[in-house]
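Trainee: Please read through the structure below; I'll follow up with questions.
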Amino acid sequence: MHPPETTTKMASVRFMVTPTKIDDIPGLSDTSPDLSSRSSSRVRFSSRESVPETSRSEPMSEMSGATTSLATVALDPPSDRTSHPQDVIEDLSQNSITGEHSQLLDDGHKKARNAYLNNSNYEEGDEYFDKNLALFEEEMDTRPKVSSLLNRMANYTNLTQGAKEHEEAENITEGKKKPTKTPQMGTFMGVYLPCLQNIFGVILFLRLTWVVGTAGVLQAFAIVLICCCCTMLTAISMSAIATNGVVPAGGSYFMISRALGPEFGGAVGLCFYLGTTFAAAMYILGAIEIFLVYIVPRAAIFHSDDALKESAAMLNNMRVYGTAFLVLMVLVVFIGVRYVNKFASLFLACVIVSILAIYAGAIKSSFAPPHFPVCMLGNRTLSSRHIDVCSKTKEINNMTVPSKLWGFFCNSSQFFNATCDEYFVHNNVTSIQGIPGLASGIITENLWSNYLPKGEIIEKPSAKSSDVLGSLNHEYVLVDITTSFTLLVGIFFPSVTGIMAGSNRSGDLKDAQKSIPIGTILAILTTSFVYLSNVVLFGACIEGVVLRDKFGDAVKGNLVVGTLSWPSPWVIVIGSFFSTCGAGLQSLTGAPRLLQAIAKDNIIPFLRVFGHSKANGEPTWALLLTAAIAELGILIASLDLVAPILSMFFLMCYLFVNLACALQTLLRTPNWRPRFRYYHWALSFMGMSICLALMFISSWYYAIVAMVIAGMIYKYIEYQGAEKEWGDGIRGLSLSAARFALLRLEEGPPHTKNWRPQLLVLLKLDEDLHVKHPRLLTFASQLKAGKGLTIVGSVIVGNFLENYGEALAAEQTIKHLMEAEKVKGFCQLVVAAKLREGISHLIQSCGLGGMKHNTVVMGWPNGWRQSEDARAWKTFIGTVRVTTAAHLALLVAKNISFFPSNVEQFSEGNIDVWWIVHDGGMLMLLPFLLKQHKVWRKCSIRIFTVAQLEDNSIQMKKDLATFLYHLRIEAEVEVVEMHDSDISAYTYERTLMMEQRSQMLRHMRLSKTERDREAQLVKDRNSMLRLTSIGSDEDEETETYQEKVHMTWTKDKYMASRGQKAKSMEGFQDLLNMRPDQSNVRRMHTAVKLNEVIVNKSHEAKLVLLNMPGPPRNPEGDENYMEFLEVLTEGLERVLLVRGGGSEVITIYS
């Protein structure tokens, strides 16, 4: 047999065994179970899906005949050779081919051909492996099955600890973990009512009437509306942040710090802590004011007969009693915080009953107003605390005698001829109704403002009065503080704070992402309605002089809002006292825990001591610091002076919440996927502007102090964490900012929630330096929602000195294409002697500092089967191995020419994700990013995962739906059951054909090398420029062999070659005795089974994403690996094979 003839027959064998196209051999499909009747991929797969499992184990004479004919036509071997494989297949057809028939394998070659796995357990039995997922078994330790992880992923939520503690707890073995009680609180009990309790507070009962009387109904309505708009816009921003992942215990501080980073987070967290601490002081002062002024006035320790000094005595009383109250409350919190929580519902009931009493009283006043007369001297309001009758004289035993009022304004209380105050002499004493009622029309008088300086007498403008001034008497009702619009804003704003009570309880909520937005916004709407309606009701029911009487002196010392309530003023007094005490306890409970959370984050080193707690978890040191700061507020002693301080810190906090939402929305990071949809950066910016305006409106100097404190904290945290880099002039500002940002990014790998795809797109160039597959760039541009880095790279094979000009020309070509496809990024070309080395250099060295790629995008080598050169697929697998070694993600687009351009838009369709193994969550993130682009926007996401026989598919579906809910990704979920089934004869035959083809190609490459060596040498030496695209690299062994052959053809070499050809012929004869390697059979079984279910479910999908199995550890199985991937993806129009980089890229946390 002469060598040329042998070569010809070998070539015929290769094309006969693996036809490159179905049309090449009519009626013959290289993947169909019925090898004689399939003609198209669509028909082939639909038919295969319909073939019953039992039919594949029946005798298949057609298949065996086809196999025999293929071999016979190729080589015409002796009959004993041809009959052997047929007998084997017929024998196998009588028994389903499973792992139990391992005796059919050629034991002498089994281990050598087992390129994927060398495991002792394999020979003992197949139970060690999952038959249906054999393709993925090598990496099960790093990429576990989805079914084994779903339950744990779905139950990440509702944790009682913070994210940091949760990450630490994940390292504890399951046996050591304490069972956590599942939170059961819903929207009403968990968010709505706590928000109501925290928003309604002391200001409503003690100051709202005074605000209405001083500012007038219109301006008071504007104050309340502005404050409510501020909190509503903040709540919208907070809802977006809160629903952007699971918010463990830590609430608002956790949200802000994780959304804005440690510097802003620490600054805002401390502002929020100080606000909560001063809130405790304000509530305590409010409770003391109710206690000393309205409940037990005689309990006052300090007194003064001078009207101007009486307020100073009252402040001293507040300091003494406030300190005592603070110590008592701290002891209650220290000893038993659980009692505070138990009585919270009682305190809330007090608030609700008090508010209902106000509405009931307002309604009743329209037909039966309560009797609260107000004594007036001219148009001046008199205090009724010490007078017996509202007149200058009174009758006793038919005798007219001076009244007590006479004695207050005259130098003698016994005689009518005494010297009296001039104003008292010229004006009459009259009594007016303090609560005229809803139908009286008094609102017309109360519409306008009446701002007064401190010490002025409260007057009724519409009453008649002489122009005589008279002397100032302490029996008049005086203004105790200079009033203005800005002051009232600062005093009222604390009454709308407390909107974060729901997010603070996020760890106790059954579904925080649903409950927090609904509960918080409903609570704000409720409280806003109450406040706005009360402004109107107070102005319509109560006399103006009574409204401006802060402490109720004109109505016998009653609480002004209590005079309107029904059935008794005591309902409001007692209810407001207990609710204020309860709010103070809640603040003293929450503030230390907030400080503890900040201290545990360790962003402010000097606060580290406050992160410690006693045995039962109570933050003792933090409680003591909170009490000390609250004492500072109590020493101020005035509710009207503490409230603006409180406003500053809360406004600062709300400002940064709005800033966080606006920044996240504008930056559009991949992790920004709020389940709450009704937000916009403009709303957040408006909320931020209102917060800033309110800070300076209420008190510009307090605002500056608060901002300086926040700025100092920010700079301190930044100083502790990193050096500050300054620019060197205006011209270098951009460079300095970029350098500083790169140095900051260099500090470490990004947090999971900050991960975004930084793409390295590997392009193929043709001989004319044009991009072969521009759709690969189009696809990269459609992922630009990730807002990450894009580097477009390619390799020119040759010498850098000779090919530098071509590299520049190719770079310009690629840049023009990038502009056309609207890809914002960088282009980098490498000139290398070998393509694989060039690709490796690109993957290793592209990028700078933290701006390095984390994902490689490349196309599938479509012509690898047709190519006689192994370079077509060896470069591809080499690239896969390099990306895996570099811990980079890999995206392989198959049939890239079918991918849509940027001008095409799908009006409907599905993006199908087949989640087989978990390798970091790339499969979840990619379809979300694609849907941000107009091309894919109208497509729906469907996520499929595979259940085995031992899996609970119903529970898996629930867990997967829960997991996606927490990821804020809207997708249809389906669990596909793949029960263990016998390996079909078709799978066995497909594996056999694959291995025969590999063996024949190996022999043919050897023969072809010998035949063409002289011509190849001439070609290699004369080629000045070799531009080789990715997927067609030189094989290293071939090149080495060619470089060694420099001699001309000799007789000795001719004889040696004849011996090698003889061995080659023997190898071909052995092909007919081959029995497929069992590990390859099992992998082919996985590919076939998965392909069946994928094509059945996703044959009409616009895009299919699925896990890409890893390459074999033993390079001998590389070609089989390519075949497995081909089988896995056959019959699908657009496929994206995804291989994660080994780190998590998506998280449920905020």
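Cβ atoms here come from the backbone N, Cα and C positions, even for glycine.
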Trainee: Please check, using only what Swiss-Prot records about topology, whether Val191 lies on the same side of the membrane as Ser257.
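Mentor: Membrane side for Val191 and Ser257, as annotated in Swiss-Prot: different.
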Trainee: Checking feature assignment: transmembrane segment per Swiss-Prot, candidates 465-487, 718-740, 764-786, 833-855. Which range matches?
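Mentor: Range annotated as transmembrane segment by Swiss-Prot: 465-487.
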Trainee: Given the ranges 264-287, 336-359, which one is assigned the annotation transmembrane segment in Swiss-Prot?
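Mentor: It is 264-287 that Swiss-Prot describes as transmembrane segment.
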Trainee: Pick from 406-428, 590-612, 958-980: which range does Swiss-Prot record as transmembrane segment?
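Mentor: Comparing 406-428, 590-612, 958-980 with Swiss-Prot, transmembrane segment matches 590-612.
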Trainee: Which residue, chosen from Asn158, Asn379, is annotated N-linked glycosylation site in Swiss-Prot?
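Mentor: Candidates were Asn158, Asn379; Swiss-Prot attaches N-linked glycosylation site to Asn379.
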Trainee: In Swiss-Prot, which of the ranges 650-665, 682-697, 698-713 has the transmembrane segment annotation?
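Mentor: Matching range for transmembrane segment: 650-665.
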Trainee: Say a student had to find the phosphoserine annotation in Swiss-Prot: which of Ser391, Ser587, Ser1023 would be the correct pick?
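Mentor: Swiss-Prot annotates phosphoserine at Ser1023; the rest carry no such entry.
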Trainee: Could you measure between Ser148 (phosphoserine) and Thr778 (phosphothreonine) for me? Cα positions, answer in whole angstrom.
Mentor: 36
Trainee: Hey, does DSSP put Tyr1121 (phosphotyrosine) in a helix, a strand, or just coil?
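Mentor: Once the DSSP labels are grouped into three classes, Tyr1121 (phosphotyrosine) ends up as helix.
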Trainee: Please compute the mean pLDDT of the model over the topological domain 'Cytoplasmic' (1-135).
Mentor: 39
Trainee: Looking only at C-alpha atoms, tell me how far Thr778 (phosphothreonine) is from Tyr1121 (phosphotyrosine), rounded to the nearest Å.
Mentor: 28
Trainee: Go ahead and report the DSSP secondary structure tallies for the region 'Scissor helix' (682-691): helix first, then strand, then coil.
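Mentor: Counts, helix then strand then coil: 10 helix, 0 strand, 0 coil.
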Trainee: Go through the chain and flag residues at least 6 beyond the ends of the topological domain 'Cytoplasmic' (613-629) whose CB is under 8 A from any CB in it; none is fine as an answer.
Mentor: 274, 277-278, 280, 326-327, 330, 333-334, 337, 588, 591-593, 595-596, 599
Trainee: DSSP on the region 'Interaction with CKB' (1133-1150): how many residues come out helix, how many strand, how many coil?
Mentor: 0 helix, 6 strand, 12 coil
Trainee: Just to confirm: which same-chain residues, 6+ apart in sequence, have a Cβ under 8 Å from the Cβ of Tyr1121 (phosphotyrosine)?
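Mentor: When sequence neighbours closer than 6 are ignored, Tyr1121 (phosphotyrosine) has Ile877, Pro1109, Pro1111, Pro1112 within Cβ distance under 8 Å.
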Trainee: Counting only other Cβ atoms and using a 10 Å cut-off, which of the modified residues Ser148, Thr778 scores lowest?
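Mentor: Lowest Cβ count within 10 Å among the modified residues (Ser148, Thr778) is Ser148.
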Trainee: Which residues of the same chain, at least 6 past either end of the topological domain 'Cytoplasmic' (189-211), have a Cβ under 8 Å from a Cβ in it?
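Mentor: Tertiary neighbours of the topological domain 'Cytoplasmic' (189-211) are 220, 223, 282-283, 286-287, 289-290, 344-345, 347-348, 351-352, 354-355, 488, 491-492, 494-499, 501-502, 505, 508-510, 515-516, 518-520, 522-524, 526-527, 530-531, 534-535, 538, 542, 546-550, 559-561, 572, 576, 579-580, 582-583, 586, 639-640, 643.
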